[in-house]
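Structure first, then comments.
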Amino acid sequence: MGKQNSKLRPEVLQDLRENTEFTDHELQEWCKGFLKDCPTGHLTVDEFKKIYANFFPYGDASKFAEHVFRTFDTNGDGTIDFREFIIALSVTSRGKLEQKLKWAFSMYDLDGNGYISRSEMLEIVQAIYKMVSSVMKMPEDESTPEKRTDKIFRQMDTNNDGKLSLEEFIKGAKSDPSIVRLLQCDPSSASQF
């Protein structure tokens, strides 16, 4: 089990260039860092949760990290390889709003049926609250995960069928930047959109 070569092969670099918003140099640097932190070339859910916990030291990020991990792990093998990592990172950090919303939708759609049910939304919102509620003051109409979920559904579920389609999700988020803030649980990032 020798040390993996941290230089990306030309065909891999070509694939990542086509599927991310990163430059060749950035891709090489990210790969070096990824292999330094994950010498096996794969990140497990437990390793991912430890990393995520560093970003949210005042809350419990483990449940939310599991949802993010599941969304990064596009082939469903229980690990994140460099390709999965860098493509998800590209979408979440440099993607256009619509790409970010599609990615968020796939995270919220826990069973992968193409809709977000109220219970799926509540599960994610509860995970977010566990992660940040100790450091974020919520408005009264969002003071509990249930209230926040109700507010999101009131604004997004335009056909009142009790579930959100991708179209409703994207349309709702685009028409009201506060929904993006609700989904991200990061008031400062709403101004980026």
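Glycine residues also receive a Cβ, built from the backbone N, Cα and C atoms like all the rest.
Per Swiss-Prot, the features are as follows:
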type: LIPID; residues: GLY2; note: N-myristoyl glycine
type: DOMAIN; residues: 41-58; note: domain 'EF-hand 1'
type: DOMAIN; residues: 60-95; note: domain 'EF-hand 2'
type: BINDING; residues: ASP73, ASN75, ASP77, THR79, GLU84; note: Ca(2+) 1 binding site
type: DOMAIN; residues: 96-131; note: domain 'EF-hand 3'
type: BINDING; residues: ASP109, ASP111, ASN113, TYR115, GLU120; note: Ca(2+) 2 binding site
type: DOMAIN; residues: 144-179; note: domain 'EF-hand 4'
type: BINDING; residues: ASP157, ASN159, ASP161, LYS163, GLU168; note: Ca(2+) 3 binding site
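Here the features listed in Swiss-Prot are painted onto the structure.
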residue: ASP73; record: Ca(2+) 1 binding site; contacts (Cβ under 8 Å, 6+ apart): THR79, ILE80, GLU84
residue: ASP77; record: Ca(2+) 1 binding site; contacts (Cβ under 8 Å, 6+ apart): none
residue: ASP109; record: Ca(2+) 2 binding site; contacts (Cβ under 8 Å, 6+ apart): TYR115, ILE116, GLU120
residue: ASP111; record: Ca(2+) 2 binding site; contacts (Cβ under 8 Å, 6+ apart): GLU120
residue: ASN113; record: Ca(2+) 2 binding site; contacts (Cβ under 8 Å, 6+ apart): none
residue: ASP157; record: Ca(2+) 3 binding site; contacts (Cβ under 8 Å, 6+ apart): LYS163, LEU164, GLU168
Could you find out if DSSP has ASP109 (Ca(2+) 2 binding site) as helix, strand or coil? coil
Neighbours of ASP109, ASP111, ASN113, TYR115, GLU120 excl. site residues, C-beta within 8 Å of centre, Ca(2+) 2: TYR108, LEU110, GLY112, GLY114, ILE116, SER117, LYS163
For GLU168 (Ca(2+) 3 binding site), the three-state class that DSSP assigns: helix
Here the binding-site residues are ASN75, THR79, ASN159; the one whose Cβ sees the most other Cβ atoms within 10 Å is THR79
Rounded to a whole number of Å, the separation of the Cα atoms of ASN159 (Ca(2+) 3 binding site) and ASN75 (Ca(2+) 1 binding site) comes to 33
Neighbour count (Cβ, 10 Å) for GLU84 (Ca(2+) 1 binding site): 19
Using the CB centroid of ASP157, ASN159, ASP161, LYS163, GLU168 as the Ca(2+) 3 site centre, which other residues of the same chain sit with their CB within 8 A? TYR115, MET156, THR158, ASN160, GLY162, LEU164, SER165
The average per-residue pLDDT within the domain 'EF-hand 2' (60-95) comes out at 93
Just jot down the residues in the same chain as ASP161 (Ca(2+) 3 binding site), at least 6 apart in sequence, with C-beta under 8 A of its C-beta; none if empty. none
Chain-mates of ASP73, ASN75, ASP77, THR79, GLU84 with C-beta within 8 Å of site centroid, Ca(2+) 1: HIS42, PHE72, THR74, GLY76, GLY78, ILE80, ASP81
Within 10 angstroms of the C-beta of GLU120 (Ca(2+) 2 binding site), the count of other C-beta atoms across all shown chains comes to 20
